[in-house]
Amino acid sequence: MDNQGVIYSDLNLPPNPKRQQRKPKGNKNSILATEQEITYAELNLQKASQDFQGNDKTYHCKDLPSAPEKLIVGILGIICLILMASVVTIVVIPSTLIQRHNNSSLNTRTQKARHCGHCPEEWITYSNSCYYIGKERRTWEESLLACTSKNSSLLSIDNEEEMKFLSIISPSSWIGVFRNSSHHPWVTMNGLAFKHEIKDSDNAELNCAVLQVNRLKSAQCGSSIIYHCKHKL
């Protein structure tokens, strides 16, 4: 045995197919694990995105009114407009009509003071009568027509107190007293005899009466004298 030499040789055995397949097994498992992790991450991202979109829709839904709410709001708005228009119609139109009626009534009162118990504007009230104090000088007949156009008569004197009052207002004015001649009596516009004394009655040309400073006197009917009108209430 000592004489026999020990022979060392390298055995070149063919590779074992099973071992060759086992080596890549670890790599394959790691790849599969990585793929699973990626897939799981993608699923998580997708789920998170869906949750975010769902929450966003929820928030938007909370902020925006639904279709029935919009309809109700629109109906309420229309009702409010109708009510406002009705209020304006009820308040404005009657007030306008009332104002027109008042203006018409005022004109009627001014033209026909006897029917309402008040004197027209710019007239003076004294002892249940209205007096228009004229500033124009006219003849007796012109003064008579001017007072008639004002729904009144030429100034008449009922008593001494009224004469004093009128003398304070105006020193001189025509009165509604006349005569046909010096041989006829003095009469009023109603044809009644005038009882107060009239000065200068002897002059045949002076057939119309004038109030002058607390007394009555005769004057020519064609003279231009201030006139006053009287209207009994």
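We count from 1, first residue shown onward.
Cβ atoms here come from the backbone N, Cα and C positions, even for glycine.
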From 6-11, 72-77, 90-95, 174-179, the residue range that Swiss-Prot assigns the feature motif 'Immunoreceptor tyrosine-based inhibition motif (ITIM)': 6-11
Cysteine paired with Cys208, where Swiss-Prot records a disulfide bond, from Cys221, Cys229: Cys221
Cysteine from Cys130, Cys147 that Swiss-Prot links to Cys119 by a disulfide bond: Cys130
Cross-link partner of Cys147 (disulfide, per Swiss-Prot) out of Cys80, Cys229: Cys229
From Tyr40, Tyr126, Tyr131, the one Swiss-Prot labels phosphotyrosine: Tyr40
Residue among glycosylation sites Asn151, Asn180 with least C-beta crowding, 10 angstrom cut-off: Asn180
Secondary structure of Asn151 (N-linked glycosylation site) (DSSP, helix/strand/coil): coil
Residue distribution over DSSP helix, strand and coil in the domain 'C-type lectin' (118-231): 20 helix, 42 strand, 52 coil
Distance, Asn151 (N-linked glycosylation site) to Asn180 (N-linked glycosylation site) (CA atoms, angstrom): 25
